[in-house]
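Engineer: The feature region 'Amidoligase domain' is assigned by Swiss-Prot to 1-270, with sequence analysis given as support. Per Swiss-Prot, the feature UTP binding site maps to Ser13, Lys191, Thr192, Lys193, Pro194, Thr195, Gln196, Lys227; the stated evidence is sequence analysis. As annotated by Swiss-Prot, CTP binding site applies to Ser13, Asp151, Ile152, Glu153, Lys191, Thr192, Lys193, Pro194, Thr195, Gln196, Lys227. For Ser14, Leu15, Gly16, Lys17, Gly18, Ile19, Asp71, the entry in Swiss-Prot reads ATP binding site. The Mg(2+) binding site annotation in Swiss-Prot covers Asp71, Glu144 and rests on sequence analysis. Per Swiss-Prot, the feature domain 'Glutamine amidotransferase type-1' maps to 295-547; the stated evidence is sequence analysis. Per Swiss-Prot, the feature L-glutamine binding site maps to Gly356, Leu384, Gly385, Met386, Gln387, Glu407, Arg473; the stated evidence is sequence analysis. The active site, nucleophile feature in Swiss-Prot is assigned to Cys383. Marked as active site by Swiss-Prot on the basis of sequence analysis: His520, Glu522.
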Amino acid sequence: MTKYVFVTGGVVSSLGKGIAAASLAAILESRGLKVTLLKLDPYINVDPGTMSPFQHGEVFVTEDGAETDLDLGHYERFISTKMRKANNFTTGQIYESVIRKERRGDYLGKTVQVIPHITNEIQAFVERGAASATCGEPDVAIVEVGGTVGDIESLPFLEAARQMSLRLGRNSACFVHLTLVPFIATAGELKTKPTQHSVQKLREIGIYPNVLLCRADRRIPDDERAKISMFSNVPEDAVISVWDVDSIYKIPQMLHDQGLDELICEELKLTARPADLSIWSEMVEKLENPKSEVTIGMVGKYVELTESYKSLIEALRHASIHTSTKVNIEYIDSEELEENGVDSLKHLDAVLVPGGFGRRGTEGKIKAIRYAREAKVPYLGICLGMQLAVIEFARDVVGLKDANSTEFDQDTPNRVVALITEWYDREGKVEKRTEESDLGGTMRLGSQRCPIKPGTMAEEIYGKDVNERHRHRYEVNNRFVPQLEGGGLIISARTPSEDLPEMMELPRSMHPWFVGVQFHPEFTSTPRDGHPLFKAFVEAARAHHEASVEEKV
């Protein structure tokens, strides 16, 4: 039978519940247990797909095409279990499901209320999510409850967790509460009162935490832990200090050293072998002892909130681990390039243009792409970054000066990138869309396998085929491919059913390393293995850096 660990948060948001939950999962998995994770989001949006990256951060896409919270990316990076649509649900989905049932008459004329109907639905979603785990029936399902204790939006989720714990019985569920212990500089001391109040609030709604994870910018002294223990009625050995570190991949070892996994196993009566975190120690060792260093410029319009590119940043860190190369990322606002030109790019060892939507900042990205192509600087374009690379090539090499995407200019005569109106989904069914379609859930989403053209750089990186995740509406227009190929551009991978361009590159006779991909490879990168495309990109950046140093000498 699956046992549950509910992870809640208090005092403030953004303390790192997702990292804490993923780290605990990693330790339990290293003990031989089958683990899955779920994220409950209290917002009323059905999913984060149409939310602004400035508001929500990155949208993480699962293998089965769900647009989910970025914490699911952390989950996949920390454990081997793959996430699915059922691993993340929102208040919007819960209410949508309950209202649909009410309209069908499933409640037999009863008054539909938050308790029991909404809370029962939440419990059903949690159990269904755990049961659908890709690892088979999990020993442990770790359930992260979004928001903070005291938020009105989170109350139904917390009540559902309380009811579920009671229903499942002793040793079947436990609660881990992540809370803030701030350091007040003027007083020169850590303050435990916010944590005391947070636990008190949790207890008021009937939840008694088994473990406290106390976040601070420094290690919390034992006397402060004892104080927290006394006022929160949590045993002192279950008051765990979680301090700031320079790499999230150090956190599993930090939590294990303080016995978190043993506490959970004891509380849930789980029998498991000792934890083996050697792989995490090795990763941290490689991360901290690089043999070379490169600087990569990430050119985007959401650079003020780097959470918008979370998986991409982590994928570069993974490549750093596996190439023994320190990767410094410079975030470059594409709108500034439109105004000030590309001089700010000239010290970079490589340029990366990530995915995005909308016209704003696109001409700045195109300037960056032209610079990378002409200066022979390694370039990687992801999703929109590939589309803009094709547009730049069409304009500046092929000579189609007004080439554009219909996303930005409906009237352009040279629609090099356009909206595809019909395609096959993962089940082989025909999906259709138009400019007037709803934004939510109308993109090409999820994993798709496609063959790679022999003799290309793509084949060197991936092998015979590629299986990556998608999130986009617009595609490179096949009508212009002959002209693009006539200019030297290579379409190195295509979808098998619709024959749509999935990868492009320039031959080495034109550029040492210039690659664009329509999919999002960052979603499948893990610290354990890295990702072949990002490793190749970092190696190309390193080669460019070394060549530049030799030229200066």
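For all residues, glycine too, the Cβ spot is worked out from N, Cα and C.
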Engineer: Using Pro194 (UTP binding site) as the reference point, find which of the binding-site residues Leu15, Glu144, Leu384, Gly385, Met386 has the shortest Cα-to-Cα distance to it.
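Structural biologist: Closest by Cα: Leu15.
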Engineer: Determine which residues of the same chain, besides Ser14, Leu15, Gly16, Lys17, Gly18, Ile19, Asp71, have their CB within 8 A of the center of the CB atoms at the recorded ATP site, and list them by sequence.
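Structural biologist: Near the ATP site, beyond Ser14, Leu15, Gly16, Lys17, Gly18, Ile19, Asp71, sit Gly9, Ala20, Ala21, His74, Glu144, Leu178.
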Engineer: Going by Cα-Cα distance, which of the binding-site residues (Ser13, Gln196, Leu384) sits nearest to Ile152 (CTP binding site)?
Structural biologist: Ser13
Engineer: Near Lys17 (ATP binding site), which of the binding-site residues Glu144, Thr195, Gln196, Leu384, Met386, Glu407 can be found within 10 Å, Cα to Cα?
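Structural biologist: Glu144, listed in sequence order.
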Engineer: Setting Gly356, Leu384, Gly385, Met386, Gln387, Glu407, Arg473 aside, what same-chain residues sit with their Cβ within 8 Å of the center of the Cβ atoms that define the L-glutamine site, listed in sequence order?
Structural biologist: Gly355, Phe357, Cys383, Leu388, Ser405, Val417, His472, Tyr474
Engineer: Given the binding-site residues Asp71, Glu144, Glu407, which one has the fewest other C-beta atoms within 10 angstroms of its C-beta?
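Structural biologist: Counting other Cβ atoms within 10 Å of each of the binding-site residues Asp71, Glu144, Glu407 gives the minimum at Glu407.
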Engineer: Which secondary structure state does DSSP assign to His520 (active site), in the simple three-class scheme?
Structural biologist: strand
Engineer: Compute the C-alpha separation of Glu522 (active site) from Gln196 (UTP binding site), stating it in Å without decimals.
Structural biologist: 40
